[in-house]
Amino acid sequence: MSNVLVESIFSRITQQQRPLLDRQVVDTGDASPTPFNIQQAVEEIHAACKQRLEMARRLVVVGGDHTLSYPVIKAVAEKFGPVVLVHFDSHLDTFPPMYGQHVWHGAPFRNCWEEGLLAKDGSTHIGIRATTYSAEDFHDSENMGIATLTAEDVHERGVPACVEAVWNRWRRSGNAPVYLSVDIDVLDPSVAPGTGTPEFGGLLAHQLLQFIRGLKGLPIVGADVVEVAPAYDHAGITAMAAANLLLEQIALISSCMDSDGMEKALQTV
């Protein structure tokens with residue numbers, strides 16, 4: 001593993017990073033989509049993100065179910081081009097339509113792929129476990145150019161080896177911009193019980209933090225944390241996990257945005 005990867009696994013304290021002091025980080029408020037029509041809600045989320053990206057250099061979103069990643073990625077890809085997806089989750093979220101609905105929380109990345117929002121190769125799921133609807137689900141995801149690292153891969157192979165695999169996948173994309181999506185249920189329910197679809201055997205807090213810090217240097221142009229359900233939480237531990245993950249994402253973006261060349265590439269188009 002390169003020295004860059006080894007060094008990036010250390011904590012923000014070791015790195016002396018101060019992302020909220022070193023950057024102008026602004027809470028731009030809620031998107032407030034309609035709760036009555038999912039297609040209209042998706043369009044409203046997309047419009048809200050697109051508006052913010054006209055003012056902001058990068059975008060970090062916290063939200064409800066994983067459906068929102070689809071309109072957010074659409075807005076990000078319209079600015080930066082097709083993205084490599086680095087996706088932490090216990091579920092693939094590339095599933096086919098359910099009950100006749102193409103847009104639902106199990107299909108955001110299938111929707112992104114079908115609309116050409118993802119780079120043709122280089123994306124990775126991390127932390128996948130539990131049952132699937134069909135054996136074809138993994139084949140479908142692979143055909144979308146997304147590799148899978150299961151929770152067992154992380155436990156058995158170790159975080160550094162899996163981080164290296166994600167980097168190697170990204171290199172295959174030709175240095176495409178990266179979108180980082182974290183479903184809180186990638187964590188084990190003992191760490192983050194406040195979510196709608198908990199799955200036993202997930203990542204522990206130190207594993208997820210180590211993994212995310214190992215991504216330092218990737219050109220991350222957008223990120224989200226989703227699927228936190230406060231009604232199912234205990235003592236706010238899931239909300240605390242989500243808040244810390246948001247700070248980690250901001251730190252990652254802060255560390256790359258002046259040197260990854262993404263804005264320069266936009267200016268030359």
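Including glycine, each Cβ sits where the backbone N, Cα and C put it.
Annotations in TrEMBL come from automatic prediction, not curation.
Record features (TrEMBL):
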| type | residues | note |
| --- | --- | --- |
| BINDING | H66, D89, H91, D93, D183, D185 | Mn(2+) binding site |
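Features recorded in TrEMBL, as mapped to the structure shown.
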residue	record	Cβ neighbours (10 Å)
H66	Mn(2+) binding site	25
D89	Mn(2+) binding site	25
H91	Mn(2+) binding site	24
D93	Mn(2+) binding site	28
D183	Mn(2+) binding site	25
D185	Mn(2+) binding site	29
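Of the chain residues outside the Mn(2+) site list H66, D89, H91, D93, D183, D185, H87, S90, L92, H105, G106, V186, T197, V226, E227 have their Cβ within 8 Å of the site's Cβ mean position.
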